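The next block holds one structure in the form of structure tokens; read it before the comments.
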Amino acid sequence: LSLRFAEEYRQAPARGYGAGVVSVLKRLASPRLGDVFQPARQQFGGRGSFGNGGAMRAAPFGLVFPDPEAVKRFSRLGAMLTHSCSLGYNGAVLQALAVHLALRGALSHTHAFLSALIAEMEGVEGDERSRRDARELNEPELPFCARLHRVRDLLERGSVSVEEVIADLAGNGIAALQSVPTAIFCVLRCLQPVPELPARYGGLERTLAFCLALGGDTDTIASMAGAIAGAHYGIATIPSAWKCCCEGAEEAELWAERLHQLYQQRAQGGATEAQPEPPLE
């Protein structure tokens, strides 16, 4: 995975990568690198990144493993290639779990969905490293759990303004803590019609439009919310006009089908055979 990241960057370096992750990707390409997690650990004076890039790419881990423990383990490892601060990689774990639960129909029961996420994240954030990072960044213990409780409070208040969402969740920035809970709120808020959005919009359309209305790091927040909502609503709900405008849509569908096959094989308890990879152009 680290080599794939490095190769993607080498092929197209001018695609808006953050300055910090560029140095990591360059080092991941080195044949002399012995520990693929070392470049990320050395960022920001050894503190590591708590940005949302690891969470933004975490959705496949939630789609490919039937077992939540595997979802947590591999989403954490995948994020740690670039984000070694626990507030970065724990955000990726939360995002992957949200996608995983959405795929299994959990969004049909909002309260239970949030309760399940909080229960999982209490374990994820309970280790000493996570507690220490939270203290150093002046965040409460179990910071993602605290944000999920705020998400629940906002939903129970009913109609809330964009300004209230941003203020209550501290939520449209580039940190994982400022954006992953916000993406989850957007999905849950848009399960029902939103008065400010066109009535013709379906749930997926509402979700992405609501993300854009928040401002800030809209592309990443919408990407994460779209992954969760997409796992719930399915590909048939994506407007064809949107797919026509989306770069790499056909390749994404090939990867999605392959991930689904792997999920089914694991769910049935069978050995996972290697599948041919979609072409990368």
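The backbone N, Cα and C atoms fix where each Cβ goes, glycine too.
Taken from TrEMBL, the feature Mg(2+) binding site covers Asp217, Asp219, Thr220.
All chains included, 12 other C-beta atoms sit within 10 angstroms of the C-beta of Asp219 (Mg(2+) binding site). Of the chain residues outside the Mg(2+) site list Asp217, Asp219, Thr220, Asn52, Met56, Ile174, Ser179, Gly216, Thr218, Ile221, Ala222, Ser223 have their Cβ within 8 Å of the site's Cβ mean position. In the three-state DSSP classification, Thr220 (Mg(2+) binding site) falls within a helix. Sequence-distant contacts (6 or more apart, same chain, Cβ under 8 Å) of Asp217 (Mg(2+) binding site) comprise Asn52, Asn172, Gly173, Ile174, Gln178, Ser179. Same-chain residues at least 6 positions away in sequence with a Cβ under 8 Å from that of Thr220 (Mg(2+) binding site) are, in sequence order, Asn52, Gly53, Met56, Ile174, Ser179.
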